[in-house]
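As structure tokens, the structure follows; a few thoughts come after it.
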């Protein structure tokens, strides 16, 4: 089904968050609702992007300026393309407070607050996660955070997707603003 053919982004007022090339076309801060198991469309539906996983080759590297590890693109990434999901263990904000004090003493943090509607849950990527755990902060980032809902529509538990804010060159470090909402 196509966006015009009455697929199922009902929660986003029947407008897909993506264009035909899978690039996000809504502004940051708006939620993305992807098709899910209740939809009649197939895996090739243009409203299934984050759930198909990252398509780009990335690598972890040691930064030269003492920021620890970082992540760089091994190929060119098109503007507004899905790059990776920030994944980890879902914990309560109370538990995040406790762990955060320990992580602060270690000089590292892997906590990402899921505060799209209210600050109840946090993603902790310290023990369970993927390459996103190594992405560094920047005030001029090339990745933007979006809240994505697929099977789970509980607004307290969005999935965290990172999309390119501009074209990214092969070899360029990937960054996002840790303070962005």
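Glycine is treated like the rest: Cβ placed from N, Cα and C.
Feature list (source: TrEMBL):
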- 7: Zn(2+) 1 binding site (BINDING)
- 8, 35, 39: Zn(2+) 2 binding site (BINDING)
- 35, 41, 45: Zn(2+) 3 binding site (BINDING)
- 139: Zn(2+) 4 binding site (BINDING)
- 3-53: domain 'Pre-SET' (DOMAIN)
- 56-179: domain 'SET' (DOMAIN)
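Ranked by how many other Cβ atoms sit within 10 Å of their Cβ, the binding-site residues 35, 39, 41, 45, 139 place 139 at the bottom. Closest in space to residue 45 (Zn(2+) 3 binding site), of the binding-site residues given as 35, 39, 139, is 35, taking the CA atom of each residue. The shortest Cα-Cα distance from residue 139 (Zn(2+) 4 binding site) to any of the binding-site residues (35, 39, 41) is found for 35. Sorting the domain 'SET' (56-179) by DSSP state (H, G, I as helix; E, B as strand; all else coil) yields 18 helix, 48 strand, 58 coil. Note: the Cα of residue 41 (Zn(2+) 3 binding site) and the Cα of residue 35 (Zn(2+) 2 binding site) are spaced 8 Å from each other.
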